[in-house]
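Enquirer: Sharing the feature lines straight out of TrEMBL:
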- 21-41: transmembrane segment (TRANSMEM)
- 111-346: domain 'Sulfotransferase' (DOMAIN)
- K120: active site, for sulfotransferase activity (ACT_SITE)
- K120, G121, G122, T123, R124, R201, S209, K326, G327, R328, P329, H330: 3'-phosphoadenylyl sulfate binding site (BINDING)
- C309-C321: disulfide bond (DISULFID)
Amino acid sequence: MGCSKWRAAFNFGHLKVHSKLPVFFTMIILFIYLFYCLNGYCESLPRPVYDQRSNLQTKIIFKDGQETEQLGAYNASPVSFVREQLSDLTNSDPPSNNISIANNFGSKKFPQAIIIGVKKGGTRALLEFLRIHPDVRAVGAEPHFFDRFYEKGLEWYRNLMPRTLEGQITMEKTPSYFITKEAPRRVFSMSRHTRLIVVVRDPVTRAVSDYTQTLSKSPGLPSFQNLAFRNATTGLIDTSWSAVRIGIYAKHLENWLRYFPMSRFLFVSGERLVTDPAGEMGRVQDFLGLKRVVTDKHFYFNQTKGFPCLKKPEGSSRPRCLGKSKGRPHPQIPSEVLLRLRDFYRPFNLKFYQMTGHDFGWDQMATHQSS
């Protein structure tokens, strides 16, 4: 009888041990699960990009085809972080030492601002200076949509644009838009709120610079004076020559003012873009509603080229200057030819000053001998 009671007690205890073991192991599993969840290892969905600052891998693709990866913490704000990943180095037509960052962030939008002119006025310099700004995303090459490829459609045009984040501005520049008759109506059809930037320069110097560029590509070109005058004896200017026609700024501006109010325009001085790039860039950033990020600390004057250059950016072995096509020496043009041309432009200049409310002082300056 005693043995039976002992055996029953033993079996009951054995059952208690077996019933406690699953509870014990379950508690251990729950504890481990909670520990991992609290440390972020069990999330079923990926975190947002800006929440992965400490472990985001950014793929860098170099022009020679080699690849590497950057890995590291980032302590800036979420928006600043993403914008840095989408730096302007992805734009087309970059300097030779630029790299491109592969990304799919943001969306492609129609440009909110366009540099519409003028050729040989300083549009390339302005675009390169603007591309320093983290809130500017610009197409490097000239799309020529509103003058050459309009039949391809707006969707084709939008697909040319770089991806932008909220708060960033999409831009492009095509200097020939300013003199294209159909361009104002076409831009207006895309958006009546587009901001328009025109870089203007002394029309006489601009014409000589335009001729110098063409001469470098076609050495057999007739002389400047032969192209500028219909009749050298009477001094009648040939306005059908594009180098002369572009400089009649007042005429082209009238065409644009049929569609856009003056408040949508900013006129940048090509001369001041050389002598005071930070000052002109301040005006441009204000016009675009941007914080003044691009300042005098970004520039130095290159005495050889006669143009301002961008100081050496981080990760680069040399400063960024405009290409060899900038700063060409001008051919010698007879002074009487330049004076006749200056007389021709004077009334158009005065009208342009009146229209824009700004005296650019071209009639008081000497003709510069650099492109």
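Keep in mind that glycine also has a Cβ here, set from the backbone N, Cα and C atoms.
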Enquirer: Select the closest residue to C321 (disulfide bond) from the following recorded positions, measuring between CA atoms: K120, G122, R124, S209, P329.
Expert: R124
Enquirer: Please name which of the recorded positions listed here, S209, C309, P329, is nearest in space to K120 (active site, for sulfotransferase activity), Cα against Cα.
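Expert: Result: the closest of the recorded positions to K120 (active site, for sulfotransferase activity) is S209.
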Enquirer: To the nearest whole angstrom, what is the C-alpha distance linking S209 (3'-phosphoadenylyl sulfate binding site) and C309 (disulfide bond)?
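Expert: Rounded to a whole number, the Cα-Cα distance is 19 Å.
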Enquirer: Within 10 Å of the Cβ of C309 (disulfide bond), how many other Cβ atoms can you find? Include all protein chains, please.
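Expert: Its Cβ shell of radius 10 Å holds 20 other Cβ atoms.
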Enquirer: Using a 10 Å radius around each Cβ and counting other Cβ atoms from all shown chains, which of the binding-site residues G122, P329 yields the largest count?
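Expert: Selected residue: G122.
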Enquirer: Roughly where does the domain 'Sulfotransferase' (111-346) sit in mean pLDDT, to the nearest integer?
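Expert: 92, rounded to a whole number.
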Enquirer: Roughly how many angstrom lie between the C-alpha atoms of C309 (disulfide bond) and R124 (3'-phosphoadenylyl sulfate binding site)?
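Expert: Cα-Cα distance, C309 (disulfide bond) to R124 (3'-phosphoadenylyl sulfate binding site): 12 Å.
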